[in-house]
Every structure is written in structure tokens, then in C-alpha cells.
Amino acid sequence: MVSEGATRKELNLCFENMKMEGVLISEWKDIPVELLMKILNLVDDRTVIIASCICSGWRDAVSLGLTRLSLSWCKKNMNSLVLSLAPKFVKLQTLVLRQDKPQLEDNAVEAIANHCHELQDLDLSKSSKITDHSLYSLARGCTNLTKLNLSGCTSFSDTALAHLTRFCRKLKILNLCGCVEAVSDNTLQAIGENCNQLQSLNLGWCENISDDGVMSLAYGCPDLRTLDLCSCVLITDESVVALANRCIHLRSLGLYYCRNITDRAMYSLAQSGVKNKHEMWRAVKKGKFDEEGLRSLNISQCTYLTPSAVQAVCDTFPALHTCSGRHSLVMSGCLNLQSVHCACILQAHRTHTVYPHPAH
């Protein structure tokens, strides 16, 4: 995103060029489209919508030039607003419709699908009123989606979600947190079969999925980097073993309250790190070391784990931290894991030994 300071410099340059070219602005409609869009980049989305109503010239300029819009500020009548705006803003690539209270209905999502065919990033979180009809509409009209947030959407089925994946095959980021009824093993099988570019998936609180679903996901989405299985209470070590073996680029794994997880899962993660060290060395040569290896792991409330198994993971992946301010290895509720420590503690101990405090 271009900074506000850089945009202001561009505006000043535009004004200077207009002076040199003798451009006269006597009415609002005379403002050049390029200048108008630079001005609108400095204001909030509500003002952009108002600007599109000033005159037909501004409406057309905004319609063709606006690629990102958020209506999250709209606390009521969002559905009507979307119905009004969707036919006008046909070049949108990012649309944020996050709600505090559910407002959106199927007809608004259908309008988006009918008009916004270039959409790549869509946030429909907490749209608990939308049903299967919305997902079928998106599958028909928004096949370029790479990022989709459906968290908190509780009124559609796994059949509709599976159908969506067959048409939105470019998805890289998918948030299904809390979509309890829609996320089943069949859903994960469909995602694995159709969305092999997927890199981030949130399945938090989707308590109906089992190892079968996660294994299908692991085999079908080898580029997976972030996976949240928070409170997926049915999964066992088999899921983690499959992820460790198949998803070698995994960076973040959430296993909060997955109480069937044991040491076997931890050792499989550690072994995958050792086995894939050649990938890490390849990244080092490219100057991308920070991008390789597990960097975030949440095993809170996984009470079957022992210190030795978790320490093996921590030793294998030095980006996992237990030290203050850098908690990327989260172990809340696991009192028996208090002895697990990251490399920073050993380094601090060595420093203290080499440079002891002077006597007073």
C-alpha cells in the first residue's frame, strides 16, 4: 500500500503539471480522473461512496478505478447498501463486509457474484444469515477468489461448501472458524481435491472433523503453511503425522484443546524438521531462512504431552520461543511442560556465565 505521504507528493506533482499545462477546473466534473482517484485514496470508504454520487463523471471514475472497499463501518442497512453498490463497483478486487451483528442476506451476496467478477479477497465473517444460495452464487460468479473469510457463518451446509471449492480453485487463504455444520470430513476432502494452492486454513471450533478429513487435506494441499485446528476434539496423532510428512512448508499449527494429541505427534513434527533440513538450507542460500520451519505452535490444554517430546520440537525449530515477549510456543494449561525452553534461555545462560555481574 502506498503511504499517505507518498500519495500527497503525487497529488502535488499532479497539481504542478496541471498548472504547467494550463488546465482549468471550473466545476467538480472537470477534475481529471487520475487526480480524483489519488484524492479518494486519502479518504475513508464512506467518503468514496458519497463522492461516487456527486455527478455521473465521478460515478464512472470511481466505478472503473475503485479496487478495494470496506463496509465494516456500516452498522445497519448493509444489505441494502451492497445491493445498491455492487452494480456500480464492478472492478472491486477486495471487499470487506465484516459485521458485528448479522446483516447480509443471500440477495446481497448474489448481487456481488453477478457484478464483481474480478473479486479476489472477500470477507463475509459473521454473516450468519447467508445460506447455501450464497455459496452457489459465489461459485458461479467469483471464481477468481484467492482469499475468503466465512468465519462465524453458521447457516450453510457442507454440500454447498464442497461445491464452492470445485469452482474457486485459486483459494490460498480460507477462514472457516466456527462453521460447525459446514465443515465435515467431506468438506476437507473436497478442499484437498480442488484447492491445491491453499496456504492458510482456519478450522477452529469445527468439532465434527476427524483424522480422515485432515489427512485428505494434508495429501491434497502440500503448500499449506498455516493451519488452525483449535478445539477439533476428534483428531488424533494421525492428523499431525500426516501434516508433518506432507506439508513440509508448515509454519503455524494450532492444536489448542486437541486433547487426543500425544508425544507421537510431537516427535513426528521434530522428525519432519530434521528430514526437511535440505529445504531449509536451500532457503538459507536464497536469504529466506526466516521463512522456513515451524514458527508458531499452540498446544494449550494438550495434557498428554511430556516435556521431552515438546522439547524435541523446540530444539528442531529455533523460531519457536517460550521466552518472555516472544511466545510462539503456547502451552497454557500444561503445567507439566514448564521445563520446556527455547534456545534463547540457553544463550542467556551462556552470556551470564561468560560475562558475570561485577562484584559490589
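Cβ atoms are placed via backbone N, Cα and C, with glycine included.
Taken from Swiss-Prot, the feature domain 'F-box' applies to 25-76. Taken from Swiss-Prot, the feature repeat 'LRR 1' applies to 77-99. Annotation comment: Swiss-Prot describes 101-126 as repeat 'LRR 2'. The repeat 'LRR 3' feature in Swiss-Prot is assigned to 127-152. Residues or ranges marked as repeat 'LRR 4' in Swiss-Prot: 153-178. According to Swiss-Prot, the repeat 'LRR 5' annotation covers 180-205. As annotated by Swiss-Prot, repeat 'LRR 6' applies to 206-231. Swiss-Prot lists 232-257 with the feature repeat 'LRR 7'. Taken from Swiss-Prot, the feature repeat 'LRR 8' covers 258-301. Annotated repeat 'LRR 9' per Swiss-Prot: 302-333, in sequence order.
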Spatial neighbours of the repeat 'LRR 9' (302-333) far in sequence, C-beta under 8 Å, 6+ residues away: 255-263, 266-267, 269-270, 273-274, 290, 293-296, 339-345
Contacting positions for the repeat 'LRR 3' (127-152) when only residues 6+ beyond its ends and CB under 8 Å are counted: 97-99, 102-106, 109-110, 112-114, 116-121, 159-161, 163-164, 166-179, 182, 202
Residues of the parent chain within Cβ reach of the repeat 'LRR 6' (206-231), under 8 Å, 6 or more residues beyond its termini: 176-181, 183-189, 191-193, 195-200, 238-239, 242-243, 245-258, 298
Chain residues outside the repeat 'LRR 4' (153-178) and at least six past its termini with a C-beta under 8 angstroms from it: 124-132, 134-136, 138-140, 142-147, 184, 186-187, 189-191, 193-206, 228, 230
Outside the repeat 'LRR 5' (180-205), six or more residues from its ends: residues with CB under 8 Å to it: 150-151, 153-162, 165-166, 168-174, 212-214, 216-232, 254
The repeat 'LRR 2' (101-126), counted residue by residue under DSSP: helix, strand, coil: 10 helix, 3 strand, 13 coil
